[in-house]
Amino acid sequence: MEPPLPVGAQPLATVEGMEMKGPLREPCALTLAQRNGQYELIIQLHEKEQHVQDIIPINSHFRCVQEAEETLLIDIASNSGCKIRVQGDWIRERRFEIPDEEHCLKFLSAVLAAQKAQSQLLVPEQKDSSSWYQKLDTKDKPSVFSGLLGFEDNFSSMNLDKKINSQNQPTGIHREPPPPPFSVNKMLPREKEASNKEQPKVTNTMRKLFVPNTQSGQREGLIKHILAKREKEYVNIQTFRFFVGTWNVNGQSPDSGLEPWLNCDPNPPDIYCIGFQELDLSTEAFFYFESVKEQEWSMAVERGLHSKAKYKKVQLVRLVGMMLLIFARKDQCRYIRDIATETVGTGIMGKMGNKGGVAVRFVFHNTTFCIVNSHLAAHVEDFERRNQDYKDICARMSFVVPNQTLPQLNIMKHEVVIWLGDLNYRLCMPDANEVKSLINKKDLQRLLKFDQLNIQRTQKKAFVDFNEGEIKFIPTYKYDSKTDRWDSSGKCRVPAWCDRILWRGTNVNQLNYRSHMELKTSDHKPVSALFHIGVKVVDERRYRKVFEDSVRIMDRMENDFLPSLELSRREFVFENVKFRQLQKEKFQISNNGQVPCHFSFIPKLNDSQYCKPWLRAEPFEGYLEPNETVDISLDVYVSKDSVTILNSGEDKIEDILVLHLDRGKDYFLTISGNYLPSCFGTSLEALCRMKRPIREVPVTKLIDLEEDSFLEKEKSLLQMVPLDEGASERPLQVPKEIWLLVDHLFKYACHQEDLFQTPGMQEELQQIIDCLDTSIPETIPGSNHSVAEALLIFLEALPEPVICYELYQRCLDSAYDPRICRQVISQLPRCHRNVFRYLMAFLRELLKFSEYNSVNANMIATLFTSLLLRPPPNLMARQTPSDRQRAIQFLLGFLLGSEED
């Protein structure tokens, strides 16, 4: 029973969910209420059998936004619901998961309406000549609430009563999608509590200059833009020492002090950037937030820092086995601001975080830094996959700057980028003995000519524009653990410089680049580099002068001129759009007026996003000075989140974008095109009734087919209506697409090493999708790894999982009773039941060859549970580790049990 609301509080809307506190989840209820004319958000928590209420007033400082799709840690057994962030006056940001997406959106709409209503009630305070602060009428601000909801799907344009793509929750990560469109007002990006209090000091007089303009947010942004252009007038370059280290620890715990690595220079560094790979190799590390190894290595690092200075941890970010720590001298911490972290998994389906990258970006004084720690694909022959991993990390990793209304920043939009990690590039020399002989002769330069990273950089296929210091140390991989002996196992790995540190940017001078042979914990040796980096330090006196001058110039221009834009084109056609295939169209906008201007794409009336979920503009907002031009890219990418409604005809490649010019007019851009339907994202019922490839089926029949299939699934009918009018043959037992993929893997991949653990190649995945959409091939193109990933993508994109949502809880309840488990499966609709049994038979067959393919029952059960047995939307946020374990156990019963009759 929920505790009563405060006296006089009138509830307007309520949602239930979980508050996220690091790895913990606590049940809670969020209630929008009105009391004494004031709107409030009431948070009710259940802590240790006690009820706790927090009340946050809804005023001009209140923020409530929904997150777009993110990857904190890869948890493929979980299917998180909507995530929202709440922040108010003097209150830290709080994060919540709401399981019911539809209710969440309605609740956020109610909060938005309350914010607007409350803003109209605000009465400006009596102005005081001694005070610079003046309350602003919120309604005069430039679309403060437009695009407030930062989610990917534009649900306001959908009929929620229809069968929609209910599986489209942020668990699956496509490898190369454009990021979702973020609202201008999106707040902090994941668990960061960065303070901006150490920015260049702004006096009350300077603040006062901002206020007279009614659109103060726009004005402040324009002045910041002008200040950035005149930066050289008020900054000095000051040199700081950066220590950068990387170590693949092979899942080991620290067994000795790290001083030989971290405290090897006479003078202490100002900043430490320390990256680990393979921190935790346990299966649990892939699916849970907690890791004992994280604590062990973090403490070991803190103990090993330079003894001549005191340090404070600035940030830690971890994705499974990759961890990055940033430490700064305590006297420098106050100059670090705008901290953000991001993670990208490039493992199978872009989910498994065994490979990928983690990064921290920050501003140190007035210079922007991005530190990336990555672990790229293994195996000598897979250098192209490593190149792809690098490109994927660059394409998918973007940061939302805390407390800043700025577009997302990618890695390359920073002034200094340091990239470290186990990049896994090997030597193109198959003879290990020859390599060891050259090492003994200290002929490293000859060996480096065969280094794959050097070759790929020369060919401009990876790490273009990055620099690397001269390598004078012997290869850091592979050794027998606890020794300095080269690998003596049966595989006898060829030594290689897998562990590297590269950088890009100006005023960067590398002093040392070395390995540390003293540490023998792992089969890799740690590597470090010491840098002198020139950092822009603000001279506050000169800054104030430039600031005030910029404001005066702005005042004169605003009084005399209005902004104006010129667009190179306004109509865009995207032809033959396909699932997971990115298309781009570019155009230019030019400031042909006399004053700096701010542009942004804004939502249309009654919309929460400026575009549909398959479209985005990059950049979606920015500043232009007179005669300045910027290129805008319009990107169309159909992911699992939008494929079903496009397949069914509920949506089309049609949209209108509104390009808004502050203090100016709006410009309208027309988007049109055609979409080619895909079997990916089509229901199992519909596919079982298609005897031909989906591209050969008329669109009108596809729509009818999906509608009929939905009704049939709801009624659990055993007999299916045939596709062709007048046809009498029964539907297929399983969709031909699943049969083709599974049959290929059964014939050719049972002995494939690391099956379902190594990602496919992007080009091959697209070939497989096209092949299944357009034909019934005798053989599937691409490698076994690509075919395996295609099968997983297919299962993930299903509108309804193989085990239907309504049977999810029964599956958990019967997880440890094989007899009841089989009874539950027997209640599935016919095609779902057939697909489940077919997949289980195939996976049992794979397990017979585990000696060759490195597949084990726990790994397979964990991976496929997230695809076959997904929790329904109303249970997503409530899913506990126990629920996940029961779901895995349910599948294990079929994988390890005897074959069904």
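Backbone N, Cα and C atoms are what each Cβ position is placed from, and that goes for glycine too.
Looking just at the domain 'PH' (1-119), the mean pLDDT is 77. Summarising the annotation, Swiss-Prot assigns domain 'PH' to 1-119.
The motif 'Clathrin box 1' feature in Swiss-Prot is assigned to 73-77.
As annotated by Swiss-Prot, region 'Disordered' applies to 164-186.
The region '5-phosphatase' annotation in Swiss-Prot covers 237-563.
Sequence annotations record features per position, and here Swiss-Prot assigns region 'ASH' to 564-678.
If you look up Swiss-Prot, you'll see 702-706 marked as motif 'Clathrin box 2'.
The domain 'Rho-GAP' feature in Swiss-Prot is assigned to 721-901; the stated evidence is sequence analysis.
The site 'Arginine finger' annotation in Swiss-Prot covers GLN757, and the record cites sequence analysis as its basis. According to its DSSP assignment, GLN757 (site 'Arginine finger') is coil.
Using DSSP to sort the residues of the region 'ASH' (564-678) gives these counts of helix, strand and coil: 5 helix, 60 strand, 50 coil. There are 19 other CB atoms within 10 A of the CB of GLN757 (site 'Arginine finger'), with all protein chains counted.
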